[in-house]
Amino acid sequence: MDDSSPARPAAAAAPGRRTQAERNATTRAALVEAGRRLFATRGVADVATDELARAAGVTRGALYHQYDGKTGLFAAVLESVEAEVVARVSQAMEACADPADPATRLLAGLDAYLDACADPTIHRITLVEGPAALGWQTWREVGHRHAIGLVEQSVRALAPADAPVPALAHLLMGALGEAALYVAASEDPARAREEARTAVLALVAGLS
C-alpha cells in the first residue's frame, strides 16, 4: 500500500445517536424535575429513592450514579430553584421603569423576590426543605452563592463609597430571607407582604 495515500476520515456518529454526555444530561434533568415535584409536595423525608426513580423514568441505580442518593438529588434541585429565583429577580430589575436608577432597580428586584417566594414550590424547596435536608450551613452557602453578587451590586450602587459592602449585603440577604418567612407564616399574606416590603425598604433607605 502506498504510505502517501490520504488517511480515511473517521466514521461519523450515526444520525440521531446521542452521546453519553447527552444521555447523562437527560437523566439528570428528569431526576431534577421529578425531585422538584415530589419534594415540594411531600418533603424530602417522605419521598423514597425508588419513587424518585420511577417518577423520573430511570433506574434507582441511575439516581445513585448521577447524584449519589436522595440528598444529592435534593441539593441539585435546590441549586436549580435558587438559580431560577435569581433569574426572575435579575429580569425584573432589567425590565423596571428606570433600570439606570439603583433604587428603582432594587424595588423591582424586591417585588420579584417576594413574588417568587410566594410560589408554594419555591417556598418549600428554598425555605423549608433546604435547611432541614442539607443543614443550615450548606443551605445558607447555596443561597448566598447564587444571590450575593446581585445583592452586593445593589448595595454598592446605593451605599456611600466607604460603606462595608460585603457586610451590608450579607445583612440584607438575611433580612430578605426573614421577610419571605414572615409572609409565609402570616394568616394574611397580602398584608404581611406589604409590611415586609415596607420594612426592607426602610432598611435599604438607611444605606444612602
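Including glycine, each Cβ sits where the backbone N, Cα and C put it.
What TrEMBL says about a protein is an automatic prediction, not a curated fact.
As given in TrEMBL:
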DNA_BIND  48-67  DNA-binding region
COMPBIAS  1-18  compositional bias 'Low complexity'
DOMAIN    25-85  domain 'HTH tetR-type'
REGION    1-24  region 'Disordered'
Overall pLDDT for the domain 'HTH tetR-type' (25-85), taken as the rounded mean: 97
Helix, strand and coil totals (DSSP H, G, I; E, B; other) for the domain 'HTH tetR-type' (25-85): 50 helix, 0 strand, 11 coil
